[in-house]
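S.K.: Structure in structure tokens, see below.
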Ligand code: B4P
């Protein structure tokens, strides 16, 4: 099973991915986490992406696709992957199809987490207070949301047409969203 957790910034993709890893043994591939790790290590890649992330932009397709390709290689043999925050553009989605197909695999399910914009902003504000993540200020968040609608949301009809998209209410508590995801996966198994 290869699953994409899909949704706007701060929808809870990372939060739910971590839980699914614990409960179902998936391997989580989060491009956001990979990019933050690159920054923390002070690598050349980290320096290259820092400004883009702080300004709420999207890192180039070339960079994130290479990161995913590398991880698919390193983690070959995993029972299934959860793609968290990837793909974020049509180019990334096409690349993911190619990368999986070349390994005899495919995307089986896309779980879209639905959350209203004002709730997303409230979550980001709370996370900023708790963790001080630089891109969690209201100005950068509005840029991230704009990029989501421009570049990422167009993937919704593509996956819907393939019949692999399921939508869940992401407005409730972490536990309620988890239950909604489990129910949606069970229904479409
Ligand atoms: P990400 O790390 O993917 O950040 P995100 O969209 O904010 O995360 P997510 O939806 O996972 O939210 P989370 O669970 O943490 O990306 C960061 C940046 O990296 C991007 O802006 C971009 O620059 C770059 N990037 C990453 N991938 C890229 C790609 N493929 N292409 C190009 N650029 C890329 O939840 C958010 C908060 O809400 C948390 O504090 C959580 O505790 C809380 N929360 C979650 N669910 C909740 C619930 N149900 N109720 C209450 N609070 C909840």
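Note that the numbers count up from 1, one per residue, in the order the chain is shown.
A Cβ is built for glycine as well, from the same backbone N, Cα and C atoms used for every other residue.
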S.K.: Given that TrEMBL lists 31, 36, 57, 58, 59, 85, 86, 87, 88, 92, 144 as binding AMP, which residue among 24, 103, 133 does it place in the same site?
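M.R.: Candidate in the recorded AMP site: 133.
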S.K.: Write down the single range among 30-59, 150-179 that appears in TrEMBL as region 'NMP'.
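M.R.: Range annotated as region 'NMP' by TrEMBL: 30-59.
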S.K.: Could you measure between residue 10 (ATP binding site) and residue 133 (AMP binding site) for me? Cα positions, answer in whole angstrom.
M.R.: 12
S.K.: Could you break down the residues of the region 'NMP' (30-59) into DSSP helix, strand and coil, giving a count for each?
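M.R.: Across the region 'NMP' (30-59), DSSP assigns the residues as follows: 22 helix, 1 strand, 7 coil.
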S.K.: Just give me the nearest neighbour of residue 86 (AMP binding site) among the binding-site residues 11, 14, 15, 127, 172, Cα to Cα.
M.R.: 14
S.K.: For the C-alpha pair, I'd like the distance in angstrom between residue 127 (ATP binding site) and residue 88 (AMP binding site), rounded off.
M.R.: 22
